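Encoded as structure tokens, here's the structure I'll be asking about.
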Amino acid sequence: MAADLGELLVPYMPTIRVPRTGDRVFKSECAFSYDSPESEGGLYVCMNTFLGFGREHVERHYRKTGQSVYMLLKRHVKEKATGAAGGAISRRRNGRVFLDLELNRDFNGDEYECEDEAKLVIFPDHFEIPLPNIEELPALVTIACDAVLNAASAYKKQESDSWDEEIQVSKHARSLRQQDNGVRIPPSGWKCQKCEMRENLWLNLTDGAVLCGKWFFDGAGGNGHALDHYKDTNFPLAVKLDNITADGADIYSFDEEEAVLDPHISEHLQHFGIDMLQMQQNGTENGHLNTDNSDSVRPRVSEWEVIQESGMKLKAVYGSGFTGIKNLGNSCYLGTTMQVLFSIPEFQRAYVGNLQRIYDYSPLDPTTDFSTQMAKLGHGLLSGLYSKPPMKSEFIEQVMREEYKHQLKGISPKMLKAMVSKGHPEFSSNRQQDAHEFFLHLINLVERNSAGSENPSDVFRYLVEERVQCCQTQKVCYNQKVDYLMQLPAPMEAASNREELIAYETKRREAEENMSAPPEPVRARIPFTACLQAFAEPENVPDFWSSALQAKSAGVKTSRFASFPEYLVVQIKKFTFGVDWVPKKLDLSVDVPDFLDLSRLRGTGLQAGEEELPDLTPPIVLPEDTRDDSMNSSDSPDIDESAAMQLAEMGFPLEACRKAVYYTGNMGPEMAFNWIIAHMEEPDFAEPLALPSFMEPGPSMASLGLAATPLDNQPPEESIAILTSMGFPRRHTVQALKATNNNLERALDWIFTHPEREEEEEETSDDLLDMSDITEPNDNTFSNANTNSHSTLSPDQDASGPRIKDGPGRYELFAFISHMGASTMSGRYVCHIKKEGRWVIFNDHKVCLSERPPKDLGYIYFYRRLQHDFSCIVIIHNYYSTTQRVSM
């Protein structure tokens, strides 16, 4: 028999591998479904790639790769036998327990035990070899099987490694020397000292410099000025500004190239005026309710009870669309976001409707493919396979006596979380995150992974019209930018119970002075109309430069909708920083309506009687005694070379930086940076500065037309090959590289923000396409000197602009995500979704009919447009017509 098994395995020996250090063994979950060793068909682990597959998907992998040898893992969970006294009797396990294999079920380990079974299966004949079978198997096969059985499962190992990284203390923490330069960091209003970035900002703990982080693959991050600062100064430690809490902060060591701990972080922050010791966290920590009964936490406890509908007998629901998502540990921000997205027909159609096509064309490692993992999650949520009701009460005892068959409770999106968070410093951690930031991060990934296919995030995209007015001259300019989410201010001064709030604040201060118990907290009640009014009001524009005055001036900006999206996402801005640098969540409620009409907020464009700000560059200031000679002078122009070099260090072409400094009148790198952002897609962006024959203010380079167009700006073939290898058409990649001066990162971003032209336009030659871009009417092109937007678009350039689904501004509320806790970095998220006319609460893996949906305490609201063309919507339940909802 031993010889027979050896001969049987000989043809497959070259394909059997022993897991090496760094190999991930996926023995707890299928790459295409949520099948596990506990599933009825078990889990097949490829003995070459170590990927896991359920019974339904292993044949696909065999056909695609030709790999024939798999290890079949099965786990049987049984109830322990009980004696006369009711105590459990230990039973001998007939099978082997797979080491480090986490359980996918929820059960009491004291009442149940596991029996594991392993076999080698050879495809296509499904020949099975029971394990262990040491004497009959070749030595290599035995070693490989033992290594797979004893290997840590992929995500358990990954979580362990991630945790090890987080707890390492920096070697610079104790010896850090901070400069006494008088720097004090305010609690808000930060921006990068080298550019206009106001997000992903890091405070250098040596000199107090506030600079932006690096650019990530998903388009998030910054321009890398914090890293550049380290290269210039060797100051090693930096802390992320918006993540500082009483319990710590996100600290990065540029020298050690990893996230680190600083035992003296409180002292190091105090040096710059940030007092961590006075920060108090109320309510929750790490997703658990704080059970302290002191008066100081009463409002937070009340919030938890209301949002989770505690104390009510909620009816559990099961079936298609009612599957919960398990909390992986501070991951409810992901779970709630995904529940809402997959309640939208466009996301259902894009991923679940195309499930077989996505799976058939998935890469050899589907665990790292975005579309595959999105389709897997969508199918898990909508199929009903992982949301089955328990057995009828009269059969439970009999079933449990024979064998444990506890129903699955939710799914664990480990593969999706690992894939979407890879390379991101915050989402890859085990800490709680902001659901708003994750939503935008995920939409960015959907955009980047939808090339050549349906892009479901189109339903969120809309255009914002920004009207900027010079207060001194009353002249205006109109800009447009793409957005996916409407942020509504929460004006506390507009609270309907303002007098009650003032009285509470008075009593609270008196209690502090008298050291007595604080009064019963009062929650601010803010009308939704007040939030809309605050959104519509003009706001001051910092560092506004008026092209009419050719100087800095006061400016105001108002925002309106240039288009209305299919689905409107509204965020209530509940989080802020106090004057003492304490991050806090405003305790408020907003009477958010079920139906919303924003038609009055539609932009109108330039109105009769309004005068536009001129599209002029600043005048060139020359000394009086040389002005007359400048006409015939052949000397180089007066340019602040230090400012140009500072911009060049950001990665921009040097000639472009010199032009930016020149055309902004040597007013500093900040103004020059704005000029670069406004002109970086012009064909002559990186060309050397060509001075006109006079020194009067003139039109910007954007209006010089074909006269300044380089005709031989052919991108390098290496860059074209890199982008085309990603699946983008050659014509599109050439355009992207030309528009971004052959910068690969910016070209990739340009491709996603400039979809391909229609088929009839694609037939035009590259030269004609370039010329059409240059000679298009430019009436609505934005002023190069009056905008700081990084995503401005011209509404006239429909062919190269974003896909917008405009329509009426009337909406109906269908979902909202609520946050419980003191800040976005702690607490929990719960979502409510309206399904079949009833509100349903999704609280991790628990899914129940909602009795009192707390719509006034939501954080992110999701509206769908009324008056849909229902004929073009595919309802996902068509794919699962046999699955019915069951309620108990």
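Quick reminder: no glycine exception, Cβ is built from N, Cα and C everywhere.
Keep in mind that TrEMBL annotations are predicted by a computer and have not been checked by a curator.
Worth saying up front: this structure is predicted, and the values here are computed from it rather than measured.
Grabbed the feature section from TrEMBL, which reads as follows:
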- 168-276: domain 'UBP-type' (DOMAIN)
- C192, C195, C212, H225: Zn(2+) binding site (BINDING)
- 323-866: domain 'USP' (DOMAIN)
- 609-637: region 'Disordered' (REGION)
- 638-679: domain 'UBA' (DOMAIN)
- 714-754: domain 'UBA' (DOMAIN)
- 755-804: region 'Disordered' (REGION)
- 758-770: compositional bias 'Acidic residues' (COMPBIAS)
- 775-797: compositional bias 'Polar residues' (COMPBIAS)
Starting from the Cβ centroid of C192, C195, C212, H225, the recorded Zn(2+) site, name every other residue in that chain with its Cβ within 8 Å, sequence order please.
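Result: K191, Q193, K194, E196, M197, L201, L211, G222, N223, G224, A226.
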Under a criterion of Cβ-Cβ distance under 8 Å and sequence separation of at least 6, what residues of the same chain contact H225 (Zn(2+) binding site)?
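In sequence order, C192, Q193, K194, C195, M197, L211, C212, M650 meet the Cβ cut-off.
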Note the mean pLDDT of the domain 'UBP-type' (168-276), expressed as a whole number.
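Looking only at the domain 'UBP-type' (168-276), pLDDT averages out to 84.
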If you count other C-beta atoms within 10 angstroms, which of the binding-site residues C192, C195, C212 is the most crowded?
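Counting every other Cβ within 10 Å of each candidate, the maximum falls on C212.
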In the domain 'UBA' (638-679), how many residues does DSSP call helix, how many strand, and how many coil?
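Counting residues per DSSP class in the domain 'UBA' (638-679), I get 29 helix, 0 strand, 13 coil.
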Using DSSP, how many residues in the domain 'UBP-type' (168-276) fall into helix, strand and coil?
18 helix, 23 strand, 68 coil
